[in-house]
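The structure appears right after this line, and notes come after that.
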Amino acid sequence: MTVVELETTGVAAGGEAVARDGTGRVVFVAGALPGERVTAALTEERSSFAKARVVDVLEPAEGRVTPPCPQVARGCGGCGWQHIEPGTQRSLKASIVGDALRRQGGVPEPVVDPGPALPVSGFRTTLRLAVAGSGGAGYRRARSHQVVDVDECVIAHPLLRQMVTDATFAGATEVTLRCGARSGDRLALVDPTSARTVLPEGHDDVLVVGTDELRAGRRAWIHESLAGRRWRISARSFFQARPDGAEALVDAVGEALGPPRAAGERLLDAYGGVGLFGGCLGAGRRTTLLERSASSVADARHNLADLDARVLRLDVERWRPAPMDVVVADPARTGLGRAAVGVLAATRARRIVLVSCDPASLGRDAALLRGAGYHWTSTRLVDLFPHTPHVEAVSSFDRRASTGVDGNEEDGHGRGR
Ligand SMILES: C[S@@+](CC[C@H](N)C(=O)[O-])C[C@H]1O[C@@H](n2cnc3c(N)ncnc32)[C@H](O)[C@@H]1O
């Protein structure tokens with residue numbers, strides 16, 4: 001294996017530090033931070049770039065720490081940024097998102113707010129784990145399909161910890177563990193079958209269900225409480241992976257939207273899931289929620305029953321746009337894309353608040369929204385996934401008074417809260 005000495009200067013969206021080798025070729029270095037001198041083993045070589053993994057840190061950056069979780073040394077690939085101090089993680093995420101807005105989005109000088117600091121251990125109330133041949137659950141080894149059977153997990157919510165380490169799921173390939181941090185409800189969704197699942201003592205309350213049973217019509221859900229509301233979340237429905245993070249996201253989206261300008265203001269909650277944004281921000285508004293998944297739609301109808309809200313089961317791209325005052329859109333990793341941007345812009349909403357979980361798709365969507373007559377005004381991050389490079393960004397786009405030309409109207413608009 002070739003080992004090279006490198007000086008890292010930046011950070012890439014995938015979480016690696018960026019360096020250049022002797023020929024000027026870009027090298028993405030896993031396990032390094034920007035501003036370090038390291039030796040690294042090359043793991044992939046192409047003509048235009050290479051990938052490497054740190055072997056030795058010769059000169060560490062200020063934000064480097066010893067990983068708080070011992071499983072990292074055992075090869076667990078669950079958290080790729082355990083070697084970075086949490087405040088530095090948030091600054092690096094702000095820099096990744098700023099780069100994407102500038103380079104792909106064409107936003108001249110984006111100011112990205114790194115957002116609030118949330119607890120960095122015991123926070124995850126949803127965990128998707130691979131199941132090893134032994135039946136034990138764990139995370140995949142970095143860049144491998146091999147499962148590391150962990151004997152502790154610092155990010156798991158205490159209600160899930162013992163299931164991660166001591167439960168067995170023989171006959172399964174994957175398990176999703178979920179809990180309601182404030183309700184105490186717990187659920188294990190086992191794929192494809194839970195027939196041979198064995199839980200540790202003291203776990204009789206856990207609702208265990210196989211994906212085969214869901215397909216046969218069984219219904220299973222847990223509850224969570226947040227932002228003053230109680231949420232029903234079915235086994236297959238998307239929900240944010242931590243309730244404090246969901247509340248921070250609601251705060252960021254609520255601030256970005258601003259208060260309703262008039263009673264009955266029209267809110268579109270696109271990619272609405274079980275109704276998080278429509279439910280928390282729908283008071284005083286008339287909400288239309290668009291969602292593709294049947295189980296999420298059923299949950300959203302239940303969760304928003306007390307509000308003036310219509311929940312429609314369809315793809316955003318297939319909705320016939322109706323006029324709206326404000327829009328919240330929270331798509332999957334792939335982002336909005338051209339078709340959905342066309343639909344959202346056709347509502348002629350004065351503001352579109354975009355929640356993005358991938359910097360590249362945020363950059364692409366920002367460019368599309370700018371082309372569709374909206375200008376970027378702000379981005380705030382909510383660090384839902386400490387110890388990983390995953391980002392969650394809440395960005396605001398306001399409709400330009402005249403939508404003819406895609407000028408650089410962002411100049412002077414950056415609010416940078
Ligand atoms: C990131 S989740 C956000 C859910 C919700 N806003 C929340 O915060 O809990 C994205 C949601 O979009 C739904 N979805 C994905 N593609 C869609 C599409 N093309 N049209 C409508 N919904 C879609 C998924 O089922 C999922 O519930």
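Cβ from N, Cα, C; glycine included.
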Same-site S-adenosyl-L-methionine binder from GLU213, GLU255, GLU291, GLU317, given that TrEMBL records GLN240, TYR271, ASP330: GLU291
Distance, CYS357 (active site, nucleophile) to GLU291 (S-adenosyl-L-methionine binding site) (CA atoms, angstrom): 17
Cα within 10 Å of CYS357 (active site, nucleophile) - qualifying binding-site residues among GLN240, TYR271, ASP330: ASP330
Proximal but sequence-remote residues of the same chain as GLN240 (S-adenosyl-L-methionine binding site) (Cβ under 8 Å, at least 6 apart): ALA246, LEU249, LEU276, LEU384
Winner by Cβ contact number (other Cβ atoms within 10 Å) across the binding-site residues GLU291, ASP330: GLU291
